[in-house]
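Look at TrEMBL and you will find B:12-30, B:37-57, B:91-113, B:120-137, B:173-197, B:217-235, B:256-276, B:288-307, B:314-335, B:355-376, B:547-567, B:649-667 (among others) tagged as transmembrane segment. Positions annotated as domain 'NADH-Ubiquinone oxidoreductase (complex I) chain 5 N-terminal' by TrEMBL: B:78-123. Marked as domain 'NADH:quinone oxidoreductase/Mrp antiporter transmembrane' by TrEMBL: B:140-416.
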Amino acid sequence: MVAVLLCAIVVPVVTGALLITGDRFSPAVGALTSWVVAVLGSVVTAACVVLAVWRRPELDHEWVPAIGMRLHLAVDGISAPLLLLTAALGVLVVLHARVEPPTRTGHGTYLGCLLLVTGGAIATFLARDAILFFLAFEIVLVPMWLLIKGFGDPKHRASASAKFVLYTVLGSTLMLVGILGTVYLAGTADIDGLVGGAGLSTTQQTVLAAILLIGLGIKVPLWPLHSWLPAAHTAAPTGGSVLLAGVLLKMGTYGIARLVVPVLPAGVERLAPVVGVLAAVGILWGGLVCLVERSLKRLIAWSSVAHMGFVVLGLMSGTRLGLQAALFGNIAHGIVSALLFFVVGGLKQRWGGDDLAVARASLRDTAPRLGFALVVGMAALLGLPGLAGFWGELLAVASVWNPDGSRPVLLFRVLALAAALGTVLAAGYALRVLRVVWAEGSPAEQAAAPGTPEAAQAPRPAPRPVDADGYEWAVVGVLVLGAVALGVLPTVLLDSTEPAVLHLLEVAAR
Amino acid sequence: MNLGIDAPVQPSHLAILLPALGAVVTLVLVRRSSRLAATIAMGASFLGLFGACALLAQQVEGDVARSPRTIGDLALGGGVTAPLRLLVDDWSVLVCVAVALVAFVVQTFARWYLWTDPRYRQFAATVGLFTAAMQLVVLSGDLVLTLVGWELMGWCSYLLIGHESEREKARRAAYKAFLVTRFADAPLLVGIAALAVGARSTDIPTVLRFWLTEPHASATTLTVAVLGIVCGVLGKSAQIPFQDWLPDAMEGPTPASALIHAATMVAAGTVVLARLLPLVQHADHVRLLLVLLAGGTTVVAALLAFFQQDLKKLLAWSTVSQVGIMLTALGVLPVGSGPDTAITHLIGHAAFKALLFLMFGWATVLVGGTVVPRISGVVRRYPELRRMLAVGFLALAGVPPLVGFVSKDLILDSAAHHAADGDGPALLGLVLLGITTVLTAAYAMRAWLIVHHSTVLERRDDRESFEDSYSVENVGIVELFRDSPQVDEWGREIPVADWVASADHDLEPQPGLLPSTGLLILSFLSVVGGAVVASPLLDLDWQSPDWLLIAAALLLMVAAALLVRVASLGTTYGDASERLPQSWRLLASRGLGVDDAYVGLVVRPVLALARTVASLDARLDRGVEATPGLIRSLGDRTSGVHTRRPTSGLLAVVGGVLVVGVLGVALW
Amino acid sequence: MIHLELPLLLVAVLAGTGVYGILARRNAVLVLIGVELVLASAGLLMVTMGSTLADPLRAGHVLTIFVITIAAAEIAVALALVVAVFRARGDIDVTRAGEVDS
Amino acid sequence: MNVTLDYGVLAPVLIPALGAVLVLLVDAVLPRLGRWHWAIAAVLLIAGAAACVPAFLSGSDARRTLCLDATQCLYVADRPGSALQTATLVSAAVVALLVLPVRSPADRTPIASALVLTAASGGAGVAAARDLGSWLVLIELATIPTVALVAFRARRSAVDGALSLLTTSLVSFAVLALGAALWFAATGSALLDGDAVLAAAADPQAKRVLVLAVVLIVAGLGFKLSLVPFHAWTPEAYAGASVPIGAFLAVTSKFAALAALLVVLRGVTVLGAPALQAIAVVAAVSMTLGNVMALRESSALRLLAWSTVAQAGWVILPLATVARGAVRAATGYLLVYGLATIVAFAVVTLVAHAEGRGRVVGLSSYAGLFRRRPLAAVTLAVALLTLAGLPPSVVGLVAKVLALRPVAADGLWWLAIVAAVNAMLGLAVYLRWMLAMAGTPAPDTVDDRPHRLHLALVVLGLLALGVTSVAPQLLLGLAG
């Protein structure tokens, strides 16, 4: 069973590397072959992940004693949902690549990068050694950079990719500093062994927590460290956006939930008000920007800033409820943002741009399936019950209203109010999008659409059907189902994370 | 329904799930066929009604499952429990049946009304979901479930109001409805969180027990929480200051309006507040505020209703007013008494308001609109509308012995009793309710006089000649509105078409058997529904009415009605409000300009703030993007030092030795 | 036993002069001479200290000889390079090197 | 006085030293041997490296010889020292192999190979030297030949670079000599071991002199490590020298320099002294300046030079602390740096040999390398990512962890944050080059086949990077 753990990481990484290598030959390996290999790779990976989640094996092996890094992989209730999400999104983005191939040659590289990102994320969620966690954290960087740089929107990709990779590497190196400090002072790199402060003084914990939170905050992203995110999303190809929003951002909050909250409780206690305020500002900031943002893809990216604010708020409340809320919010946002980016990515390619100010035929008439998916996504975004987004936000607000006794209650109540206002803003921008894209317009304008200057100058690689069908509809449909399932039966996820959360906080409190 | 008390599926589940299931099946399985969609939707709705009736039967027999499970406890880490159970008690069962009934009638009517609509499928599904959400709120025994149903209703109302999204007005109205209610929901969310987290449970009985009996429960927190909940209720029930979304919501198809106004959306506020009534009674300041706002709304809305030039809008404002009555009723109750008066009014209102809306929908199909000039005299022209419209208006006005009278009188009675005990809010409520009763009678009379106006035939023919003529300029404007022979474009007289003049209306659209039956049931209930007060399910003191109060109210109502009748004499459309200044009517039809206030006070500032934030963020972004340039210029500056000459290197070496030496010796 | 002050003063003067020579001279050979002066000061310091300490290995003196040897080797290489520079450029001005990039 | 002598232990130093003589002798006997001198040199260097192998087998015991008594030995090769010796010799061997195919005047080959051998011998020796005298001699033995090696290219830029290198090295040597004299003055001993230091530390006056001595020595070695502000020669020399000699300067010399620095610091750390703030400042400034300058550099060789400056900062980063394992960390980082850099130079040599030097100088001339020479380009990319410390090159990442660990452990937060910022800047530097490789190629591509030996070395380098990425301990374990 232990082999499953290794396979879950090695299979996507090796398949990805092979695909990239295949592209280097001349003539390059065919697009279809690459795709089939990638699908196989991602499916095997997903199977491994499912097995690992089911059987919960553990691997603990010496790897690099020089830096005290062990090859320690395991699954628990906190990482299991994220692992499943990652594996599922890994399969979906690869499937979707058939519908929306990269705009230039290099299928193998594109698919390989997707797999590498998936593999890196899986490694991150599996890692139980703090330094190994950092290593896995870094694996996704270069492939993601390549995705944006090589396959992104030609207009923005140069600066966006640079911003992404440099910002993130700064964050992760800061995180490394924090991890190393913690590991050295605690005397162990084992994540479970670190839980509970490991005898660090409050000052030490505060400094370390600050460094870690800044580092991870860039990844999350926490306001005001967010400015790489909208740019990266605007430029990234659809698959890249999906992985970025659905997986990469989660690594930041997962890191906070794993390495900061339980490990440095005293430090978090001191910093919680500051971080909480930043998160709340992020919620409002993101929501407000979304109200006036004209690029649809950017708008979704901004909404991520706002939604990750809820997750961070939950984490900062210091209660079990808050942690549960954050973990739920993480998964929910993963599904919803992935869904939205698939839809919006498809729309952007069909429209040849994603400016909301351009008049187009209403989606509900021209492309009812895409329209339906967009409606579900937007409804989930504004936290509609019955869809995934609701529970995370509700629980986050509840946890922030009554934070842990060590937090300033009044301030946190104000934050809860701000978060509640954030849901109103979310409704504002989600419905704004629906009003413009889904409901407005008349079929007569459709004929004029291809002739608009925006459409003329954008590259149009292959004509796509007006509405989603085939793989695209399957991919989108699976995510819609996921969003509904999680919204109707939140207990499935909450039950799976609860024991781990209780265990974590119990050990931390000891 | 032979279900054991511990069976996993209870009638309460069925009442909620079946309409939702119908919606899902309609959306997922039905591709094109409206017929299939209608069958499924109506079937599901009927089964939901059946479930509700089964629940009622069980309740009456007393072997009902009091708190059935739903999806199980939420695992929240132990700090707060969320059992997510339903709560079945006397009044909720009654409301449940009323909701199911109205929903079923609306579904059948919509099948007729929206027969040619290409989006009928979505409409039917949304109505199903809407019903399920409302039933969830009605039967919810858990704050979280209440919130779930509550928000879902908001969403469904968004979809229904924006059904005809080709029209900008519909889109705007839908957007506005959702945003206004959502805005009011933010405090509700916080309030629910505060209540639940304080009581460490979201179970409503537990929450009530905690806040009412626990000595160390903070009164301030309770006040804040209840304030939040009342705020949410005011939003959903379209009370001041959130009232303006509801009249706009008339942009939705009429069946949707019937659903929103009669049994679901706006009534949900009453249901939730009735559930949490003990808490409201506990927080005295909030109760006063509630009475003030809801009572004020009843009066203002009734006045506005009187001035409306679109009778559908009149009905909308009347809903606002009537829901205000329910909320006021909750506010004037003495501590410890149940919400049964308000619930009675809710049920009665559901019946007659649904009836009125659907009848107006029918009338719209016949005459093409509900603005006064169009609908004036519709009853004369289509007598089949007469009886049921009359029942509806009488019930609305509160004429004995119709249901409106019964429930309103009970409310007045309880307010009077409580006011007599010296309760301030009750006294305030009594006064406001009294005014409203009179005003209600007045606007109901006005509406009836308009639809009953007799001169409609001639004007209708004028209009038809106007519409049929090829070029408008050939038809003098004077001729248009005079009882003159109609001419074609060459000035020749044209004969009045036979079918227009004849009384035979077979060619006019008629609702089918099912919708007609539904309307009949509704009108029946509007007449005899008052009997519900005698049921054992409601704890009402109906046997000892205050005859003096009834007499006074009736007298005032009759006086108002007479005044309206007198005022309507000699007007073009039988519209009593024509006697009043045009500017008043304009102001009223714009809802007192509250929409402008929303835009000016909330929308514009928020958008301005959003733009500021966006530009700030752009600045931040530029700051980040300037970093490479900064580094480059730093490099350029340092490159000035690197002359590539050995001497500069030597200088650096010596300087470095000095610096390092000083540093080393000083800091060691 | 002579006092240590005088030799140490000489060490300082030599080192200072050497550094001045290194910094102020443009002629490569003169720069070399500056370096030699600093090395001489180092040697002198070692000899001085070696003579005051009772070191069985006579390390001070040995070190001085080492330094002188290394300096000689360096100067050999340096002069060879100076010749090469002169051949390539026609002068041995250290401030003008690197003006043209190939 | 009896001095023990163990030739086996001394072999890593003696074999290349004698090898230099041997090469010259062979040249005297067989004057037309030409480039085969390089092969002889490579074999000898490998043999020298092989002589180090017992140090890694025998466990933790340091190998010592030339002992005066039981405790005082003039030659001690401990684990990090042996690692640096091996690395010095192996890298010199690789340089020799890289030079081998390059055409050059026949009379220069033996001299150049003898110089490489000599410098390698000095570098190997300095790692184990434990007394001031041999330390000074060996470090200059490792330095002076490089001046000649740079000048050998005989272009004007090479001569200029050599002059820059020479003047800086002379001044640095003067500083070193002064430092050595002060050390001697403070401790009264020519030995670089802890006892004498402890004795000197007891006397506050002597301690002050000792500190000055240490600081001067650090400054003198800073030149060799290309630390700011002793770095000015680096870009000139790299740009001037032939590409393989650039590799020699960038790798072999650095190993020797760190070995020399460690010898001194190892003696000082017994003081349990507070962190060497001077080293911290120098490290921070080196990293920052190196990266900033590299960011605006348009020549690949100069970029590598500036990258060396920045990496030197990373190398001495752990030495600014007194944390356990600082020495091992610095050694480990340098080993990884050396591996990555020599692989990068190997790729540049390959391209330069196949397409001409003009096609490797400007960054823009790398355009299309990914299409033109996928293998070389991928290898170079991996090497650059190793330097940047990012996966897929795990070993580079591990090295970064290794270097930051003592800093974080010691709580030098400001330094850690500067390092984090520099990790970002460094990535920008290397990504620039990688982006240049990804661009579309210039039309006038000279596409000669690369020399087989170069190709083999590049493949070997890629393999080495790959293997060490899977098992970084193979490389880092050398340092103990």
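All residue numbers here begin at 1 and follow the chain in the order shown.
For all residues, glycine too, the Cβ spot is worked out from N, Cα and C.
The shown structure was predicted, so the numbers you read here are calculated from the model rather than taken from an experiment.
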Which of B:91-113, B:120-137, B:256-276 shares the most C-beta pairs under 8 angstroms with the transmembrane segment (B:12-30)? B:120-137
Report the mean pLDDT of the predicted model across the domain 'NADH-Ubiquinone oxidoreductase (complex I) chain 5 N-terminal' (B:78-123), rounded to a whole number. 87
Are the transmembrane segment (B:547-567) and the transmembrane segment (B:217-235) near each other by the rule of at least 3 C-beta pairs under 8 angstroms (pairs 6 or more apart)? no
Under 8 Å for C-beta pairs, could you tell me which stretch among B:37-57, B:91-113, B:120-137, B:314-335 has the largest tally with the transmembrane segment (B:355-376)? B:91-113
The domain 'NADH-Ubiquinone oxidoreductase (complex I) chain 5 N-terminal' (B:78-123) - residue tally per DSSP class, helix then strand then coil: 28 helix, 4 strand, 14 coil
Below 8 angstroms Cβ to Cβ, which residues of this chain, lying six or more residues outside the transmembrane segment (B:547-567), approach it? 397-400, 409, 412-413, 416, 434, 437-439, 441-442, 445-446, 449, 576, 579
